[in-house]
Amino acid sequence: MPQIDEETPLLADNGKQKITPLPWFQICIIIFLQLAEPLTGNVVSPFAPQLIRDLNVTHGNESHVGYYVGLLQSLFFLTEACTVLHWSRMSDHVGRKPVILIGLFGLALSMYCFGLSKSFWGLVLRRDYLCISRSLCGALNGNIGVIKSMIAEITDLTNISQAYAYMPLAWNTGGTLGPMIGGWLSRPAERFPEMFGRNEFLKEYPYFLPCAVPATFTVLAWIVTYSFLEETLPNPIPLAQYLGFSRKNAAVIKGDYACGPQYHDDLDSPISKALETDDQLKIKPRLPIYSLFTERVIIAAGNYASLALVDIAFRSIQPVFFSTPVSLGGLGLPPSTIGNILAGFGVFNGLLQAFFFPRANRRWGPRNVFMWGLATAIPAFATFPLLSYLARTTGYSLVLWIAVAVHVLISIPMCFSYGAIFIFIANASPDRSSIGATNGLSQMSVSIMRAVGPAAATSLFSLSIEKGCLEGHLVYYLLMALVGVALYISSWLPRRVWTV
């Protein structure tokens, strides 16, 4: 038996070592349920600037639209940052499946409420739900960290990169369909008068239809998850016990113990085999939160957070830039065109990640994939001023559309960095009983960055336009400097991935 330590590469001797088959049925269910999050998140992007205009929050001042779009995007992540660690640690007790079901319920409820929103600030006096719906969505959503824990529990060192290569399929499909739904179905009474022109409800709530489609899909995902998803944490504590409604095994709960994997109903299932080890056949005390702050976890979570900040800043500015009038430095595109562009990104991103990420990871290793993917954010930000210049000088010419396509393609390698850093996080946990807490801590740091990122980036965008700083391009130079800081942080990643 070869000696394995923390310097052992994750995919060492992969050509000689037999690759463990993935539990495909469970992987497919996870991909399906994960689709709900990017679908509900991206559906808002194409019409968010127009929604802010319709609500008359800026009183006609176009340079202020970016402020409120960023604030709207930040609300979800701000509330998620406050709760995601709790949900992840809770999943180490009650299991992954109950927490995922709660998250899906929150997504569906919040999207229905979002579609019924008619004002931005008048939440109490006018009983509207724009801000509170986004906050509710974040507060009830702990799925991101919990799903990563499930992937780590049903894979091993030989197939984890393959599993993470398929995870972006959900995000990219949602990134494709979400903007298409948001762009095409927003204001349906105006866009499709023959079909919806007499519908008074859709005239009063012009953004309900694009919000209701992903919300209804989330309800379907809840049913599929409840019916078919297999729990990856054997012998979880019943939710009623954890909440104190039942006194059975109360000592285990009060003693802050986590039920480590002990048995499974189907001992021959792939998940059971992946979890079955000699040191997991007993109930282990759950590690206190301070014990998670190891060098491994801090480095992995720090790099995840820096990547998320760069990425969310780019994704937040992009639709606002596309929507901003040409005279103010944008492209002046309608929501339907913005939706098509973002959908095209989702298609190409999904195809490239599915086919090339496992190969790139095996050939160059997760550290190099992470760093090179992050570095492509520099030319991605640099193309914004070029697009603005072409729009002013050539109009909507073929040259401009080619430049837009290049701009979209350049940003794709940045998404490869997520799969790479997930491998580091999966192996950063102090032990297997704290995988959920480790993912929760990492996701909490990312949620904080994603709460700050949209508001900060779009505010800088609006400030650059309003003050004319560097001809309105100050925001891009500052964000390129941010990428440089993130690349320095990435140099702390080890050349070989740790092992749990």
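Any Cβ shown, glycine's included, is placed from N, Cα and C.
Annotated domain 'Major facilitator superfamily (MFS) profile' per TrEMBL: 26-498, in sequence order. Taken from TrEMBL, the feature transmembrane segment applies to 24-45, 65-87, 99-117, 207-229, 337-357, 369-392, 398-425, 474-493.
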Whether the transmembrane segment (369-392) meets the transmembrane segment (474-493): three or more C-beta pairs under 8 angstroms: yes
For the transmembrane segment (207-229), sequence-distant contacts whose Cβ falls under 8 Å of one of its Cβ atoms, 6 or more beyond its ends: 25-26, 29-30, 32-33, 35-36, 39-40, 43-44, 47, 51, 97, 100-101, 104-105, 107-109, 111-112, 114-117, 178, 181-182, 184-188, 196, 201
Residues from the same chain, set at least six apart from the ends of the transmembrane segment (398-425), whose C-beta lies under 8 A from its own: 10, 148, 151, 160-161, 164-165, 167-168, 171-172, 299-301, 303-304, 307, 310-311, 314, 331, 341, 344-345, 348-349, 352-353, 356-357, 360-361, 366-367, 369-374, 376-377, 379-380, 383-384, 386-387, 390-391, 438-439, 442, 493, 497-498
Two-stretch contact, the transmembrane segment (99-117) and the transmembrane segment (474-493), at least three Cβ pairs under 8 Å: no
Across the domain 'Major facilitator superfamily (MFS) profile' (26-498), average pLDDT on the 0 to 100 scale: 82
